[in-house]
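Trainee: Annotations for this protein, taken from TrEMBL, read as follows:
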DOMAIN    8-117  domain 'Neurotransmitter-gated ion-channel ligand-binding'
TRANSMEM  117-141  transmembrane segment
DOMAIN    124-367  domain 'Neurotransmitter-gated ion-channel transmembrane'
TRANSMEM  147-167  transmembrane segment
TRANSMEM  179-205  transmembrane segment
TRANSMEM  350-372  transmembrane segment
Amino acid sequence: ADDRLREQRNALVVVESDGHVLWMPQAILRSSCAFDTLYFPLDEQICILKFGSWTYNGFQLDIHFKSDRKMFEMGSYIKNHEWEIIENSGHRNIKKYTCCPEPYPDLKFVLRLRRRVAFYTLILIMPCALLSLLTMVIFWVPPESPAKLTLGMNIFLAFFVLLLLLADSTPKAAVTIPLIGAYFCLNMIMITMSEILACVVANMHFRGVRINRVPQCLRLFMIGFMARVLRIQDKILESDSPPIVSSHPKKRWTVGRVRLLDNGVDKRDCLDSECRSCGDTRGGRYTQAFQFPPIGDEFLAHSQANLQITEELRSIRHLLEKVRDKKAKTEEREKMAREWRVVAIVTDRIIFIVYLIINLMGLLIIFIWQIFRDEIIVKGFNDM
């Protein structure tokens, strides 16, 4: 019993001559009820109140309903701000124990309660729906963008706050976990996965030379298969600039053979005064031979100048090869970074699809539950 009316319990007793006694003390009774919070805050509960005597048997104290209506009188009922009574019924039971031949009657009332959802819609359901839309936006933000990490952390903290509000609104000793709480945790898990992938891509972007290639099995599945299925491969893996590849075959530069003109005429061993011959080498072979007179000092000086030019050309060619190799390494690192970016984007798309399917299935389950809820609960109510 409640202690708030302790001073009002000393009520007078009306004793009649035929032995009837009327005693009406004021009291507020408290009772426990096992709650199933699986569908919180759209839940309905069935509570049982049982009145009887363990001190007096049925021959000494018999209890009955005041009228033929075996239910609570709702005329003076004060409505509760959180629960509404949808249905109630009463039953009179007579219990006999093996120890005693006397019967023990009791009155059992069954109450069907439905939670008022207006308050919880404002503080739980509506913020959850808005945050779910923002969660879908996260999966479409580029993984290398700093806004992805900022938005993800803010939404993660918002779901954590909703989880704390849910913990304060539900009984601590509840047997079942509310589905909306599991949904909050699911959102937090998916946001965490997306944030981890964004950190990996950002790390690969700033690591530079120390970047590693995507493992072969992961590359075949994510880039070779899933990226094509999701139609994002062509947009990501295309290089911004084509690789530098020489369109001319490499030429072997030697001291004894110097290409002076592009007309196909080579001078062989022109520094040797004993042999003065040259021919047309177009087509890869000599087609005609000539004999030259002895070469003078002016031509020798000109040949030495050509040798100096050749050395400078070798240096320029060496520098160009170094630039080409450096450019090739840079493009290779950029390609590996783009591959990791594709892996992150493909994973985001997969998580987005899974998240969307879970949301659609959840809405379908809630819709079906709202349709068949009354039939299921009424059946359980009648079985009690």
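Placement of Cβ uses the backbone N, Cα and C atoms for every residue, glycine included.
Tell me what's around each of these sites.
Mentor: Break the domain 'Neurotransmitter-gated ion-channel ligand-binding' (8-117) down by DSSP state and the numbers are 1 helix, 42 strand, 67 coil.
Outside the transmembrane segment (117-141), and at least 6 residues removed from its termini, the chain residues within Cβ reach (under 8 Å) are 41-42, 82, 147-148, 151-152, 155, 158-159, 162, 165-166, 169, 180, 183-184, 187, 190-191, 194, 348-349, 351-352, 355-356, 359.
A Cβ distance under 8 Å defines the sequence-distant neighbours of the transmembrane segment (179-205), meaning residues of its chain 6+ beyond its ends; these are 38-41, 124-125, 128, 131-132, 135, 138-139, 143-145, 148-149, 152-153, 155-156, 159-160, 162-163, 166-167, 170, 211, 336-337, 340-341, 343-344, 347-348, 351, 354-355, 358, 362.
Within the chain carrying the transmembrane segment (350-372), a Cβ under 8 angstroms from the stretch's Cβ atoms is held by residues 39, 42, 132, 135-136, 139-140, 179, 183, 186, 190, 193-194, 226, all 6 or more beyond its ends.
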